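Listed features, source TrEMBL:
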type   : residues : note
DOMAIN : 43-80    : domain 'EGF-like'
DOMAIN : 85-125   : domain 'EGF-like'
DOMAIN : 126-164  : domain 'EGF-like'
DOMAIN : 167-208  : domain 'EGF-like'
DOMAIN : 209-245  : domain 'EGF-like'
DOMAIN : 250-290  : domain 'EGF-like'
DOMAIN : 295-352  : domain 'TB'
DOMAIN : 369-410  : domain 'EGF-like'
DOMAIN : 411-447  : domain 'EGF-like'
DOMAIN : 456-511  : domain 'TB'
DOMAIN : 529-570  : domain 'EGF-like'
DOMAIN : 571-608  : domain 'EGF-like'
């Protein structure tokens, strides 16, 4: 068998030769088709076989295959059917602007400018939305163009994202706005309503001080000082602020009673003049008139002769001013002496504007106290002068009094006081007196009193209707001790004399005090407690006497009781208070107690009974 396949390798030309006995067969490849006898492979014309095999292109048959020649914008592969669209956008084969969007199309591509840009896509320029009105900003926002877009910014006074803007209440957000005023919110802002003395700034967002000093007719006759919200006028000397506080008006110094003292005040613009009366001159500070003359001061004045002359005597001060003399107790002054003006006359008011006890200071004309003790020593002769505000005091020594006519401390005649020595005889001495006391009386208080030293009976009771007494105490004592002690006597002596009643003048004369239980100490003159327990013998006999301030009390022992009539502790007779002993026994009273003795024929047993 001849192997045709081996002898002629291209025998099938487009297929695979397979030898079989006596012949061969061709198994054709793709793109070829076997002949009827299957001994050759014939090329298949795909272009004719399938007219649509190269859509979007032109078909060219080739041996065993075909080629699609694709239209522009398409690509294909040999032996592959159809043309595939080229995505120029993906592979960057487009010429779109960098601000454009590339969109692939069948066989081509399309360039579209991105939002915010305008053009044919090949060239894109920025779209100004703010200018052409295509933006979406709020009416209360400002549009700001950006490359390819825009921004919305809320205007001042508004808050939000720019597309929606709401009014911002600056007044509540910032409490410090509108200093010196009140903040009022307004759409998109605020305005200031300013306090008095301030005006709003040009933008209305602040309060500015008004410089009142720049205004005309402010602080006339003064200097204007501007202050925040107001101003201050500093007036010239002699001027003062008027009620408005904006101008200075003349001060009428003459309305002040301390201006031009003792003179005639005449007001002038910004000042005044002071016209002084005769014998007066203007003081160094020019606020008043003073009489600077000095002379002697007299207390007594009497007429001399028929020509109206006066004679002055009782000199109480030397080299003093007329005001120091006549504004005090002086009656005449100077050499020759002249009468002091009568009180409440116009001449007196000029000389003594402060009244009695005061005079104008010769330098300042300010009223000051007259020191009578220094300037008028004759007002307190023989005593101690104590100056007081507007007056003075003259304290004479004990036993002397001030003679108002002579201003001399004269001796007091104490003996003219009735009963000053009681039963004694009074003898006056210079500055004192002495009591000559009768027998049984003792001179006390430095000889100024007589104390009754007689001792006699003291009675507990006195009956005024028949002038009798009872309750005679068992011991004698002085009248003062009987009548002045607390709850002791009501009458004294024999025949009995009623004790003076407490709180009366008679009681105070005897005891020195109006309360019982006290007497006057003969050395100090002060009331002291009477120690009845020590001074009165026999009081609280058989008991204990306890002195108290102004009184006393008795504490009796067991078996005794206090007899308030006799002021002693007496034994209690227990045997009189009923049966205290057993049967067949008799009670025997003892001092402070008692005992039980068995009757005759009975004796005490071991059980304590009488059998």
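Positions of Cβ are set from backbone N, Cα and C atoms, glycine also.
Predicted automatically and left uncurated, TrEMBL annotations should be read as such.
Taken together, the residues in the domain 'EGF-like' (529-570) have a mean pLDDT of 88 on the 0 to 100 scale.
Residues of the domain 'EGF-like' (209-245) grouped by DSSP class, helix first, strand second and coil last, total 3 helix, 16 strand, 18 coil.
Each residue of the domain 'EGF-like' (571-608) gets a DSSP state, and the totals for helix, strand and coil are 3 helix, 14 strand, 21 coil.
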